[in-house]
Every structure is written in C-alpha cells, then in structure tokens.
Amino acid sequence: MGSLEKERTTTGWAARDPSGVLSPYTYSLRNTGPEDLYIKVLSCGICHSDIHQIKNDLGMSHYPMVPGHEVVGEVLEVGSEVTKYRVGDRVGTGIVVGCCRSCSPCNSDQEQYCNKKIWNYNDVYTDGKPTQGGFAGEIVVGERFVVKIPDGLESEQAAPLMCAGVTVYRPLVRFGLKQSGLRGGILGLGGVGHMGVKIAKAMGHHVTVISSSDKKRTEALEHLGADAYLVSSDENGMKEATDSLDYVFDTIPVVHPLEPYLALLKLDGKLILTGVINAPLQFISPMVMLESITGSFIGSMKETEEMLEFCKEKGLTSQIEVIKMDYVNTALERLEKNDVRYRFVVDVVGSKLD
C-alpha cells in the first residue's frame, strides 16, 4: 500500500509561453490519496491537440504547461482503497483525470462529457494544484481514470491508442457502425486517420481514404490496407463517389469546407467530426436534410478498455516513430508540417529529463 497524502516532485518538459517551446521543468505532484496510483511514465504519444494547447490556439492555456495525454506507465505505488491495480502493473491513462461522479454522463460511463471533468493537463485538480501531463517522469492518477494495458501490447504501441485509437473506436460502436459490410471514408491520414483505417478494416468495412493530394495513395492502399483512395480536389473522382459512403470520419484539425464530404454520404449517413477546430462550422443546410453531422470526443475508460481488447484480439498496432525527449521540439515542428508516419511517441523512461 502507498502512503496517503504523500507529495513528491518530478521533472517534465513544459511550455512557458505560446511559443510552445518545451524545456525541463521540476514541479510538485499533487498529493497521492487513497484512490490514487503513483505511476512511472514509460511512453507518451504526441497528439496534434497538444500543439493547440502549448501554443494557446484555443485561448485557454496556462503556463508552465507539461503536455501529453497518451500515457502508458508502470504502477509504483497504490493507495489504500485501490482495488483493481497493484505495484508493477502496466497501465494507460488519457486526457480526463477527474469528474463529478454524479451527473448523467458520469452515471452512464461517459465521464468524458461531464461538465466538471478535469483535464490531465492545463487544468486545476480538486486540491487546487495545476494538472500536468505525461511528458514527465512520474504522474499521480486516480484509479478510475486508468486502464490495464494488455500483455503483448508494447508500451510505445499502446500509448497512441489512449487517444487516437479510442477516438475512432468509440463512435463506430456508439453510432451503430460496427457491423461488417459498411462503407466508410477516412478524411485525413494522420495519427487518428491511420488508426481509423486499421480499426474500420478490422470491423470488416470497405474503407476509402480521402486526402488533399495523391502523395499518400501508396501508403493508404499498400501499407494500411485501405480499399480505395480519393483525392478531394479531383472533381470527377468526388462526383463518382457521391452517395457511396455510410460514414466519413473527419480528422482534419484545421478549418475546411464540409459540403464536399457530406455529398459522399448515403441517405442517413454520418459525417463524424473528431478534429479540434477553433472556428465556427459552416455548411449549406440542405446538405444535411437526410444526413447527419455529429461529433465524438475520445472515449470513456470503459470504452478504452474495450478498444484495447479489440486491438489485442485483432493484432492492431499504431505506426509510430519513437523519439527521446530532447527531440520533442523538433517532433512538434514536424507534426505541424504533417511530417510523421503516423504518430510520434516519446520514450520517456529512456530519456534524460533534467
């Protein structure tokens, strides 16, 4: 058992201002309580939303900020009331580390929609301390907000699944799109998009990758196993694909028109938005008279557990580039340029942090 109310320090890499440049930062972890796990971080993925946060693109950033919400680690200590985990377990945690536990979303295992949820970084915990993310040596997380990483799934492979994997898996299940034989589109072939191809194919779907240019065609068809490739600027190709898809996953994290992709949907088809965009959506209303624009935000811890088991059963892994922490600023610059196939993962435990 762990010692209750024990405060420790750790070193992470933090942004100090909207330049988004990260550098070593030593800080106090929040007190570890009876329901908490004290975790050594092994690996942490880099998500495009980390860039939005460290650069204050959403106008809500507080500094110093240690980013990282695709975290896999090893349990070093457990609180006296922890029942599901023990020292030595390999666990994952994501972007939500607190909720009210009493609202409708919390009571229906959808805690990520709780209005009082606490983000794993760039937020304030119940004790008044700022939350900090997984680009750090250690973290403290409540038992409710971690999941066991299945044996046989490497830590660096599991990390992106904590965000990118469940972001795709959750809406397919939630919106009744899990059955085989469906035809789906994946708009954008990045960290989330490439997992979209893999998970949809594993569910038995016919998958079309939609991209702004032809340069990812070989990757999509030969390496990821997509069935078709569509260039959004190809008017003839887009016209031929009209009314052909049951759903389109829109993973693009910047402002873009929606009408071209609504036109690809069958009647009652769904355009599922997962990219973080800091601007109002614009579309012509007749385009959605018999289709739907909807969205999805990561997944609950229960859905994350289901997704990990699904990936284990199907042998799915993310395609990653593993880096050390001293390369993280270069990696963030490359990510902004879409120069990664398909997710950076920081080898935190193998990095010099101070």
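Note: Cβ is positioned from N, Cα and C throughout, glycine not excepted.
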Practice item. Name the one residue among Cys47, Cys114 that Swiss-Prot lists for the same Zn(2+) 2 site as Cys100, Cys103, Cys106. Key: Cys114
Point to revise | Recorded Zn(2+) 1 site member, picked from Cys163, Cys311, that accompanies Cys47, His69, Glu70 in Swiss-Prot | key: Cys163
Exercise for review: Pick the one among the binding-site residues Cys100, Cys114, Leu189 whose Cβ has the fewest other Cβ atoms within 10 Å in this structure.
Suggested key: Cys100
Check your understanding: Within 8 Å of the Cβ centroid of the Zn(2+) 2 site residues Cys100, Cys103, Cys106, Cys114, which other residues of the same chain have their Cβ?
Key -> Cys99, Arg101, Ser102, Ser104, Pro105, Asn107, Glu111, Asn115, Lys116, Lys117
Study note, to complete from the structure: Excluding Cys47, His69, Glu70, Cys163 themselves, the Zn(2+) 1 site's Cβ centre has within 8 Å the residues Cys44, Gly45, Ile46, Ser49, Asp50, Gly68, Val71, Gly94, Ile95, Ala159, Pro160, Met162, Ala164
Study note, to complete from the structure: Cβ-Cβ distance under 8 Å, sequence separation of 6 or more, same chain as Ser212 (NADP(+) binding site); the residues meeting this, in order, are Val231, Ser232, Ser233
